[in-house]
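S.K.: Quick paste of what Swiss-Prot says about this protein:
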COMPBIAS  1-11  compositional bias 'Basic and acidic residues'
COMPBIAS  447-457  compositional bias 'Basic and acidic residues'
DOMAIN    50-138  domain 'PPIase FKBP-type 1'
DOMAIN    165-251  domain 'PPIase FKBP-type 2'
MOD_RES   M1  N-acetylmethionine
MOD_RES   K28  N6-acetyllysine
MOD_RES   S445  phosphoserine
REPEAT    268-301  repeat 'TPR 1'
REPEAT    317-350  repeat 'TPR 2'
REPEAT    351-384  repeat 'TPR 3'
Amino acid sequence: MTTDEGAKSSRENPAATVAEQGEDVTSKKDRGVLKIVKRVGHGEETPMIGDKVYVHYNGKLSNGKKFDSSHDRNEPFVFSIGKGQVIKAWDIGVSTMKKGEICHLLCKPEYAYGATGSLPKIPSNATLFFEVELLNFKGEDLLEDGGIIRRTKRRGEGYSNPNEGARVQIHLEGRCGGRVFDCRDVAFTVGEGEDHDIPIGIDKALEKMQREEQCILHLGPRYGFGEAGKPKFGIEPNAELIYEVTLKSFEKAKESWEMDTKEKLEQAAIVKEEGTVYFKGGKYVQAVIQYGKIVSWLEMEYGLSEKESKASESFLLAAFLNLAMCYLKLREYAKAVECCDKALGLDSANEKGLYRRGEAQLLMNEFESAKGDFEKVLEVNPQNKAARLQIVVCQKKAKEHNERDRRIYANMFKKFAEQDAKEEANKAVSKKTSEGVTNEKLTVSHAVEEEKPEGHV
């Protein structure tokens, strides 16, 4: 067969070409998924477990009959690698691709739809051919706020994850700007990583990892070392960090349902103090974790004795008030309002709860609501000078806000009026022009009539 004949054969029956020349990309090397690269991608990275990938594809049966195409829908197909969202062949084949690559995949039934098929388009025990283009891929957004992106290098064992308070043993390597600043084995309690110079993003990620999992974590400043940076490691304020973490082992902390009321109250006293230490150190996210434990343990606790109920209510009130203060510092004002609402549900005349809710609403530009809360503070404590000053601030801000709105609306109405006037002027000019043309036609018509010769048959 000549080169030209081979190229023609490849175009006419690409599935046969992959069957003859394709690379076996399966771990078992059983030729269940064969691949030929048709266009080389760029870069060195390939998708990892959990990555979200964006592809275009054409799918055909081995006889060349098309059964599906993302091009027909005019939008890429999106799925996550290694999550069982697609056939096995795709998890295997796409994970070998580079961004921009186009490849042909030939997939045996056991790596596709097997004996059941996918009727009516795909019969049982069908070998499938795909042309796949990898448009893009990105890591898993763990908290859905862009702050922690995980890329899993090695899948963990089992289905259990560390919880808050679990004792973990990990290996970590931290990088910033291409420089390794930390590399060690360390044991600590989840939620208390800061005590070991470990950023909060690692604590959060560990709660979603399995034993022996190895992953790469991209941490935004909020989940790294934040505005303070980490002089010990030479980390500047608001730096983005990359950690490679291996969870070697862990022992879960007791879940709420495993603790009796007495133990919950004892633990609440401990974590309240830990939260206060974090708060005073400016570590507000870590403080939120500690105060949040109190809420998770006691908010839905029933059947308490009078003494236990009083202690529980006291811990919950303090937790909600402290959480509100943390969220104010973190500029999460809606959450601060929510915590104040819960605190005031326990004590409707709580001065701190009213004041902090007023602060949060003021920062959300809810001036009237904020003013109402500060006025309630004065009803509780007429000597609260800060609340009195805040009322003045609310009035001033509301006035400024109203004046700004008036200016905006005045400018809008002025523009509308100018536009209407311009349209009216254009209509008038158009009408005048039209009348002029009509008069001209009449004049010409009369002139023609006067020039008509008389006496013709």
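Backbone N, Cα and C define each Cβ position, glycine as well.
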S.K.: Taking DSSP three-state, what's K28 (N6-acetyllysine) in: helix, strand or coil?
M.R.: coil
S.K.: If we skip the immediate neighbours and take only residues 6+ beyond the ends of the repeat 'TPR 1' (268-301), which ones have a Cβ under 8 Å from one of its Cβ atoms?
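M.R.: 164-165, 191-192, 194, 200, 203, 222-223, 228, 256, 259, 261, 312, 315-316, 318-320, 322-323, 325-327, 329-330.
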S.K.: What is the average pLDDT across the domain 'PPIase FKBP-type 2' (165-251)?
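M.R.: The average pLDDT of the model in the domain 'PPIase FKBP-type 2' (165-251) works out to 97.
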S.K.: Against which stretches of its own chain does the repeat 'TPR 2' (317-350) lie, if we need a Cβ under 8 Å and a gap of at least six residues from its ends?
M.R.: 268, 272, 275-276, 279, 284-285, 287-288, 291-292, 294-295, 356-357, 359-361, 363-364, 376, 380
S.K.: Among all protein chains shown, how many Cβ atoms are found within 10 Å of the Cβ of the residue listed as 'N6-acetyllysine', not counting that one?
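M.R.: That number is 8.
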